[in-house]
Every structure is written in structure tokens, then in C-alpha cells.
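Written out below as C-alpha cells is the structure these notes cover.
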Amino acid sequence: MARINVVVSFLAALAVVQAAQLLNLDGQKDAVPGSYVVVMNDGLSGLDFESHVKSMAKVQKANALKRDFDNTADGVKFKYNINGWQAYSGKFDNKTIQSILDDPRVNYIEPQRTFRAFGWVTQDNAPSWGLGRISHTSRGRMDYVYDSSAGENVTVYSVDSGVDISHPEFEGRAIWGVNAADNSDVDQIGHGTHTSGTIAGKTYGVAKMAKIVAVKVLDAGGQGTNGGIIQGINWAVNHARQNNVTGKAVMNMSFGGGLSRAINEAASSAVRAGIFMVAAAGNNNEDARYTTPASARGVCAVGASTQNDLKARFSNWGPTLAVYAPGDRIWSAMPDGGRDVMRGTSMAAPHVAGVAAVLISSEKIGTDRLCERIKELSVSSIQSPGADTTDKLLYNGSGQ
């Protein structure tokens with residue numbers, strides 16, 4: 001009898017250890033009430049995943065009936081499979097969340113929070129200097145020198161607020177991909193058009209022959225959620241596979257927020273799928289290890305520098321940064337054929353995405369080696385980079 005009790009106690013303890021975890025946010029100010037991302041255990045079959053989702057949909061429906069058809073919690077919105085990483089997101093009531101937690105197929109549940117664009121401050125009549133800086137080892141030059149391949153046959157996914165794909169800057173090389181933010185398939189704030197112009201615009205772009213695919217995850221307020229962002233990443237990975245561009249694809253993420261385990265895991269899964277991931281480090285002058293998606297494993301995190309090779313006062317810093325790039329007073333495209341100047345790590349990241357696209361086309365380098373190659377080429381120029389932070393400034397290796 002004693003042996004049976006020991007076995008029962010062990011199994012009970014094992015069940016506790018294996019129970020799914022409901023993660024807490026580091027502060028609730030960015031929380032989206034009642035919205036969650038549910039992440040499944042590694043190795044779960046597709047059939048088991050679908051079985052779980054259907055089961056929880058029934059639970060949600062039953063709970064809704066008990067609430068007298070209150071639709072404030074409306075169930076699954078997005079399902080994800082990013083290189084084997086499986087999850088889903090939506091709105092669920094507390095009873096449904098408890099049922100999800102009790103399912104042994106679930107790894108953890110993360111409350112949804114908002115993430116924001118990292119480039120907002122504008123200043124009229126500022127000079128455009130970033131292209132000249134990244135193609136010379138010393139500052140002060142305004143000419144842009146680059147390899148003639150110019151990112152040709154490379155696809156860059158602009159995960160942002162959308163892109164004005166008809167803007168003359170893109171010369172027909174930009175297409176609309178997916179909208180995971182709202183019901184408006186346009187760039188309402190200009191942020192995504194600006195960053196994409198830096199990546200691949202004919203005038204302002206680093207990789208002037210690369211293709212842009214608009215993946216909208218930020219709404220008219222410049223905000224998005226865990227679920228929408230992961231949906232954008234999921235869509236981009238599937239699109240890259242369907243179009244045979246894995247290994248020749250870049251994803252730029254000029255946004256961020258507090259730590260999200262789910263987004264970080266989704267981004268890392270995209271890296272393993274053959275997408276080179278670039279992320280803005282953030283604009284809070286703090287350690288980027290506590291910012292998502294810049295802190296994700298395998299993501300190339302970028303801080304912002306000034307025209308004087310200083311760390312921009314707003315830029316995040318820390319050991320997670322791969323490199324600094326121009327991010328202060330950057331001119332680029334805006335919707336309806338316009339142009340404007342912005343500053344932020346949002347403006348720095350697309351310089352790196354553009355250089356990555358050029359390196360893929362010119363050196364035929366694999367996406368798994370790109371961040372290291374970019375760091376190899378970069379020059380030690382940043383003054384006062386921050387504690388435990390690289391002093392490397394982006395350089396495209398032009399020889400100038």
C-alpha cells in the first residue's frame with residue numbers, strides 16, 4: 001500500500017509540474033483585457049492542435065450561453081504554426097481560460113498587450129544623411145556607394161503599419177500582403193511607408209531593387225497586439241515558403257514593447273525557417289533585453305545613432321544590440337507620394353534590413369550568418385554606446 005501511495009504522490013506532483021502556466025505581465029498598463037495568446041507544447045501534432053482548439057471552442061460557446069449570449073469574449077481569432085511552433089490567440093472568459101490551462105497539451109498562456117511603433121518625432125528641414133554614413137567608414141560624406149545588385153531578388157517583409165505600395169519610391173516593387181491590425185488596408189500613419197522607403201525606396205532606400213511586402217500589424221494609433229503581430233509573422237513565413245524565398249527573405253520590425261515570450265518565440269521560429277529578422281531596439285534609453293521583439297533569440301537588434309556618431313539619447317542599449325545605425329532625423333517616403341523626416345530606432349532598423357538585402361544578393365550569404373556578417377563589416381565609431389553595448393556602427397563594406 002505504501003508503494004502505491006508513493007506512485008500516486010509522484011504522479012500528482014508530475015501533474016502539477018506539467019500544468020500550463022498563465023504568465024503575468026510586467027505591469028498592466030499595456031494589457032488588452034480578456035485577450036490571450038495560448039502556446040502549445042513542443043512536438044504536438046497538427047491533429048492534436050486542431051482537436052484542442054475545437055474542444056476549447058465548444059467550452060467557450062457553452063460559457064457564452066451561460067452568460068446569456070454575452071459576446072465580449074468571442075473565442076479564437078488567429079491560429080499559428082511557425083516552423084512547428086503552434087499557438088492561437090483570441091478573447092476568452094475566465095472559465096474558458098481555466099479549461100485551457102487544465103489541458104495537458106498547453107504550454108503557457110500569455111495575456112495580450114499593446115506594442116507601438118518606435119519612430120514618431122518629426123522635424124522639418126532636417127538633412128538626410130543615413131545613406132552616406134553607412135557607405136563610408138568615416139562621417140561627413142553625403143554620397144551613397146553600394147553594390148549594383150542592390151537587393152535584387154530579395155523579399156523584405158515590412159511588419160509595420162502597412163505601406164503605400166503605389167508610392168513612386170517603390171517603382172512597382174511593393175505589394176500588399178496581409179492585414180492583422182484592423183479593417184483598413186492602407187498605411188494610416190505613414191510609419192510603415194517611411195521604414196520601407198529606407199529599406200528599398202529608389203531615392204531613400206538602401207536596397208533599391210529589393211521587393212517589399214506590406215504586413216500590417218499596427219493600427220491608426222500605431223499600436224498592435226501580441227496576437228496580431230504573431231499572425232503577421234506567421235503569414236510572412238508561410239508566404240516566403242509558398243514563394244520559395246526562404247533564405248532570401250528579410251523581415252523588418254520597427255516596433256516593440258514590454259517582454260512577450262510568445263512574440264519572441266514566434267520571431268525565433270521565423271529565424272529558424274530562414275527569415276533574417278531585424279528589430280528596433282526601442283526608444284526608452286534602457287536595456288533592450290527587456291524589450292520585445294529586440295530581445296528574441298536570433299533577431300538582429302538595432303540601436304539608433306546620430307549624425308555625430310553618438311548613441312541617440314532615446315535609443316535603447318545593452319548586450320542584445322548587434323549594431324547601431326542612423327536613426328536621428330531620417331528622410332524617407334510618406335503616403336500619397338509624400339516624404340518626411342522621423343527619428344527613432346524604427347528608422348535605424350530598416351538601414352540594417354536594407355544592408356542585409358544587399359548582402360544576400362551580392363554575397364549569396366545565408367540568412368543564418370547575416371547578423372554576424374553585418375557585425376564583421378561594421379566600424380567601431382559609436383561614442384558612449386551604453387553599458388555592455390557594442391560600439392559598432394553599420395557599414396555596407398563599400399570600401400569607401
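Cβ atoms are placed via backbone N, Cα and C, with glycine included.
The feature signal peptide is assigned by Swiss-Prot to 1-19, with sequence analysis given as support. Positions annotated as domain 'Inhibitor I9' by Swiss-Prot, on the basis of sequence analysis: 35-116. The N-linked glycosylation site annotation in Swiss-Prot covers ASN153, ASN244, ASN252, ASN396 and is backed by sequence analysis. Residues or ranges marked as active site, charge relay system by Swiss-Prot on the basis of sequence analysis: ASP160, HIS191, SER346.
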Euclidean distance between Cα atoms of HIS191 (active site, charge relay system) and SER346 (active site, charge relay system), Å: 9
Reported mean pLDDT - the domain 'Inhibitor I9' (35-116): 90
Close in space, distant in sequence - ASN252 (N-linked glycosylation site), Cβ under 8 Å, 6 or more apart: VAL156, TYR157, SER158, VAL159, ASP160, THR195, SER196, ILE199, VAL278, ALA349, PRO350, ALA353
So how many other Cβ atoms are close to HIS191 (active site, charge relay system), meaning within 10 Å of its Cβ? 29
For ASN244 (N-linked glycosylation site), which of the recorded positions ASN153, HIS191, ASN396 has the nearest Cα in space? ASN153
Which one of these recorded positions has the most other Cβ atoms within 10 Å of its own Cβ: ASN153, ASN244, SER346, ASN396? SER346
Work out the three-state DSSP category of ASN244 (N-linked glycosylation site). coil
Where does HIS191 (active site, charge relay system) sit by DSSP, helix, strand or coil? helix
DSSP assigns the residues of the domain 'Inhibitor I9' (35-116) as 30 helix, 32 strand, 20 coil
Across all chains shown, how many C-beta atoms besides its own are within 10 angstroms of the C-beta of ASP160 (active site, charge relay system)? 31
Could you measure between HIS191 (active site, charge relay system) and ASN153 (N-linked glycosylation site) for me? Cα positions, answer in whole angstrom. 24
